[in-house]
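K.L.:
What follows is a single structure, and I will ask about it in a moment.
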Amino acid sequence: MLREATWFRRAKASLPPGEGARSEAKGGWGASHTQTPQRRNTMTIFTNLSQFITGWRFATFVIALCVFMTLILTAILLIPTSETGLGAFATDFKTWCFGYDPATGSFEWGYVAVMLLNPLILAAFVAIVWAQPIGRALQRRKWAMISTVGVALVVAGSMGASFVMLGPSKVEATQLPFPAERLRTELTPPTFELTDQTGERVSLDDFKGEVVLLTAIYASCHTACPTIMVQARRALNSLTEAQREDVTVVAVTLDPENDTPERLAEAAVAHQVEAPEWRLVTGEPDEVNRVLDEMSVSRRTNPDTGVIEHSNLFAVIDRDGKIAYRLTLGDRHDTWLSTAVRTLVNEKTELQAATADTRKRGESSAHK
């Protein structure tokens, strides 16, 4: 010990002036190794966090949260569809997350399985990895575990409530008014003569003096196309029976290579729509693609899935045969589409307006 002390003093003495003091200040050579309060607080936080993550509380919370979220998703799956309130939210949620087709009531069950099983798989994984701390807590701290499950229930309930609060039923209350004049255009729609689901030839010239809702879908689409059809149906349902007689929906296929009139007839049945109010049209691929290009509908086929990824468009054509409004999917445009169609239905054609003006001037001259 005496030799070690002597060597220590000699080594310290051989350092440049002040170096020994700095070494002690840094925690070397006999320093006291004291920690600052900030460092102690940081270490305490990390220690507590580590104990929480590796302990039974974290595992219990995650397992309970996964189970409750699965129950919430199952409840949404079972909510009846409607066009307002909670049913409207459930319809949109099921369409995007469960591959739901509102027209047929069918689901993409692969999507449903993934959405419902993923939380349960995570819960099972956590239960296996944290089996020992969970087992000890079950024996000694049952009431503490119940309180943790309660916290998870509150969190899951808050998440479910936030889904509903952000749903379409709440958006409608703060919906911006439809800027009819500002959005009005006078674009020329594409000319075409295609074949509908009944085998009849269809041209936009057939609907002069009427309002046309022009869009694009394809028969095997289970993603955006069902929503397009639902949104178009809502627009028609917002009209009176007399008003609906002046409106026709024309849906151009995005898959002319495969969508024959027979396939489109099956799609019409699936979506519960009928001619002459709904015309699902197809034709030669080159002709159909020209029409889609002139409609400015972007599209591409995903090489991995074969799904046609496309933009979502509604071109609302007025009684004079001009594209008055171009709208898309979404809560705001859903409401705007109904308003746009109703606005155009209530308008007169230029010929009708001119005839009415001539008649009024004639009556005025007769009175004089």
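Positions of Cβ are set from backbone N, Cα and C atoms, glycine also.
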K.L.:
So CYS225 is in a disulfide according to TrEMBL. Which of these is its partner: CYS97, CYS221?
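P.N.:
Out of the candidates CYS97, CYS221, the one TrEMBL links to CYS225 is CYS221.
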K.L.:
Taking the center of the Cβ atoms of CYS221, CYS225, HIS310 at the recorded Cu cation site, which other residues in this chain have a Cβ no more than 8 Å from that point?
P.N.:
ALA216, ILE217, TYR218, THR223, ALA224, ILE228, LEU254, ILE308
K.L.:
Would you identify the secondary structure of CYS225 (Cu cation binding site) according to DSSP, in three states?
P.N.:
helix
K.L.:
Give the sequence-ordered list of residues that share a chain with CYS225 (Cu cation binding site), lie 6 or more positions from it, and have CB atoms under 8 Å from its CB.
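P.N.:
Expected: ILE217, TYR218.
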